[in-house]
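Features as listed in Swiss-Prot:
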type: ACT_SITE; residues: 352; note: active site, proton donor
type: ACT_SITE; residues: 383; note: active site
type: ACT_SITE; residues: 511; note: active site
């Protein structure tokens, strides 16, 4: 198996990084008035401007060659074709099938999975309709007014992000809450908002054994039983799981269990039954629009030439910035308060997928892989960490996202928001030269000695890369496109880095150690296998809890 650093295009890009990669983007824009048209791409109403990167036609051509040499087209077809692309768990990777809106069959081991997917969707539609209409009643005959999703990781981050993003579409008399953290304070604060008679709990755990989720589910079960009695459980609990035995033992009627499949990774599961909270919040028709948006991006990703393919372009630009220009992180900056949970969602999607140090063939990688991801909605982030992005010593490319139209057109608020996002992208690219800074200070009437002192602090180096994603309005279809865009971007990069993007063994070791420490915290014995720091902390916790 050929590693990326051995590919001809990789070596070509290393040479280009020493030339084009160091050129001021100011000069590139000055020399090419058509740069925006040349380095932007569209899918329907979604516009990607990637012109504010240190690229030219030669760099982009080399990046596309890199994708070809790394086997991206074949890998893409293998994933969509249901092959066991998750090599360490020997599983297909078919979250795309969950949003397949075509009549195409999707085979896994020779079996078309679409009939099963459609059957689950039909059950979700029926259930969501009954709850939203008031037909589904709690144990005392009152309709449901609060939904509490209990899950963690992919069973939480995706549904939380989507329900927050689609708040303008939510049913006014149905509140949707989420409990994820095993910290009891999370459950306690959510339960304060709920009336037991009108609350429906969704327990989201594929195996129904996830420690945090089951602990929270038991707490919520005890809360309900205390108020309404054991017989109330079937009317107030449903499960998203494949473990019917454990679900039944918990007291949930397995007729109210919605299943999914082992080829659905947690961080890709919002499209599955895990999205039930989304369907309850915004209605099943809106959930279908979300699926349709994801499917539209799937078709684009599968059918569009690499050089005009939005996920491929985003992925390749990320490779260029990370592996050739030295960026260890990138910032996701949605200028949309409804997308305030998008950075956290993309942290899991990107860092859990591509935070790997082992190649698909088992070799230790000698090249950079997944970057760190962080972000905040604009304009809040401008008053927090943008200082480092503008004038710090680390290169941090940015993805800006913005809708041209607001769901809440209050005065000039949205124009102010848009002016800020466009200004930030321009400022990062242009920077401010010493001459420009001097002219500003002189115009302000500053004396020469003070100017000499202040000048180095007022210069912005610029040449900071960014992408801008612009769309008319954030609706379910557009949100589906954006989520699938980033999913496929992560896939592209994982293929080029030659890593497995669909496992997450790194989360397992801590779980195992936590089980042992849990037992020790409630006893007086400390295992001799711990290092002195961990043993000391265990003893300190015991003393503080006495």
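Positions of Cβ are set from backbone N, Cα and C atoms, glycine also.
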## Note on the structure
The rounded CA-CA distance in Å from residue 511 (active site) to residue 352 (active site, proton donor) is 15
### Query
Minimum Cβ neighbour count within 10 Å among the active-site residues 352, 383: which residue?
383
### Query
Could you state the CA-to-CA distance between residue 383 (active site) and residue 352 (active site, proton donor) to the nearest Å?
28
### Task
Let me know how many other Cβ atoms fall within 10 Å of the Cβ of residue 511 (active site).
11
